[in-house]
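Pulled from TrEMBL, these are the listed features:
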type	residues	note
DOMAIN	48-203	domain 'AAA+ ATPase'
BINDING	Val60, Gly61, Lys62, Thr63, Ala64, Tyr207, Arg219	ATP binding site
DOMAIN	302-385	domain 'Cdc6 C-terminal'
Amino acid sequence: MALFERDNDIYRDRDALREDYQPEQLVGRDEELHTFQAALQPVINGEQPNNIFLYGKTGVGKTAATKYLLAHLREDAAQYDDIDLSVTFLNCDGLTSSYQIATRLVNSLRSESNQISTTGYPLASVYEMLWEELDDGAGTVLVVLDEIDHVNDDSILYQLPRARANGNLEVAKIGLIGISNDFSFRDDLSPKVKSSLCEQEIHFPAYNAENLRSILEQRAEVAFHDDVLSPEVIPLCAAYGAKDAGDARQSIDLLMKAGDLARDEDTDSVAENHVRRGRRALERGRIKEGINGLTEHGHLVLYALLTLDLEGETPIRSRDVRPRYTRFAELANRDPLVPRRMRDHLSELAMLGIVSVTERNEGRRGGTYREYALDMDVELILSAMSDTVELVGVHDSIDDYVDDDDEPTTLEDFNEV
Ligand SMILES: Nc1ncnc2c1ncn2[C@@H]1O[C@H](COP(=O)(O)OP(=O)(O)OP(=O)(O)O)[C@@H](O)[C@H]1O
């Protein structure tokens, strides 16, 4: 018997749930698409394009909307002989400088045999080459910079939108479309960059449960066989998605995880319990990844809070976490951080959803302070922190959670902290 056999009972086309799938229609984004479309209209009119800045949290359809409208724009522009439109799409994750982006753009406009090296030129010369290539092409060029907040210097964000106004381009028409999910990026732009880059700003709000439901229904129709999903599956994925962050990507991932669990179990339908278990599995993955990405001191702070939590000491103020954290740092042979930096680590843990924070008022004089507690299951945290536990030693409170054969490496007074 073959070791591998096709199992297509659940999915018709599982790839439709993957990140790279471009849906034919975008649902629940009429207003944003309308504004975006109007901002692109000058291209079809043969006019100078607008510079457009799209912003909103992750997974709210900024990239999908851009790809969708630009595909239509290219198709529709092809009917007009006097429009020569080209679109360059760059994701700036990994392209952190204006120099890198400018060289990429030059190369995207040049033939394979005429590419420039991505290092070694002065930035001004790369810009010269860019203007030359653009003017030689004499057409309309739209440059999309996705995740634009990764760019560390703002030279290109000023140069591209202002190329015509600054006399660098004579015939070519260039428009920049910047996309970001980092709200502080826009606020921190210098006024001159902001006024040119953000000529037209479009905000994409988070999706609500109803939006997510429509998005999931559209996707499920392509991805799953008819009648495979129990009626509660999509509403539940949408409800979780709306509660978390209104992120379509997360909801689609959850639907796929539920489908995968059902497929692994060889059942012929996806049920509510697959969604619930899928959510837990995804959550675990996300938290584990978050913990793995923390610094050593982040782990020490978390370990301190975890042991205090198991002893029933939480919610707890940062100054009361400190003695244990300091002790753990000493046991690990590390210099403890100052209280303020230790508190930053607690805030980071809160941002990751591992720790919960409650603001409290301090009596009538009105000061506020924060209390921290653990918001995640102990086993999961410990499984991602085994190195720290080994370095510091096994605290009494976690004894029940570690394997018996893991000999504690405690120092004598360790559990008195
Ligand atoms: N309105 C929608 N209709 C159908 N699918 C959508 C819609 N909005 C988002 N999606 C899907 O959700 C996923 C995430 O969307 P997208 O990549 O556009 O988000 P984003 O806002 O660009 O996020 P990020 O800032 O993380 O890049 C994609 O698979 C996309 O196809």
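Yeah, the Cβs are placed from backbone N, Cα and C, and that goes for glycine too.
Curation does not apply to TrEMBL; its annotations are automatic.
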Per DSSP, what is the helix/strand/coil residue tally across the domain 'Cdc6 C-terminal' (302-385)?
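Helix, strand, coil within the domain 'Cdc6 C-terminal' (302-385): 43 helix, 18 strand, 23 coil.
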Just checking: which of the binding-site residues Val60, Gly61, Lys62, Thr63, Ala64, Tyr207 have a C-beta under 6 Å from ligand 1?
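Only Val60, Gly61, Lys62, Thr63, Ala64 meet the Cβ criterion.
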Which one of these binding-site residues, Lys62, Arg219, has the sparsest Cβ neighbourhood, judged by other Cβ atoms within 10 angstroms?
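Counting other Cβ atoms within 10 Å of each of the binding-site residues Lys62, Arg219, the minimum falls on Arg219.
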Cβ distance under 8 Å to Ala64 (ATP binding site), same chain, sequence separation 6 or more: which residues?
Gln22, Pro23, Leu26
Of all the binding-site residues given, Thr63, Tyr207, which has the fewest Cβ neighbours within 10 Å once its own Cβ is left out?
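Each of the binding-site residues Thr63, Tyr207 was scored by Cβ atoms within 10 Å; lowest is Thr63.
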Determine the mean pLDDT over the domain 'AAA+ ATPase' (48-203), rounding to the nearest whole number.
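For the domain 'AAA+ ATPase' (48-203), the model's average pLDDT rounds to 91.
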Write out the long-range same-chain contacts of Gly61 (ATP binding site), meaning residues 6 or more apart in sequence whose Cβ is under 8 Å from its Cβ.
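Same-chain residues close to Gly61 (ATP binding site) (Cβ under 8 Å, separated by 6 or more) are Leu26, Arg29, Glu32, Phe204, Tyr207, Ala248.
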For Val60 (ATP binding site), write down the residues of its own chain that are at least 6 apart in sequence and whose Cβ falls under 8 Å from its Cβ; none is a fine answer.
Phe204, Pro205, Ala206, Tyr207, Gly246, Asp247, Ala248
Largest pairwise Cα distance, Å, within the listed ATP binders Val60, Gly61, Lys62, Thr63, Ala64, Tyr207, Arg219?
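With Val60, Gly61, Lys62, Thr63, Ala64, Tyr207, Arg219 as the binding residues for ATP, the largest Cα distance is 17 Å.
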In DSSP terms, helix, strand or coil for Gly61 (ATP binding site)?
coil
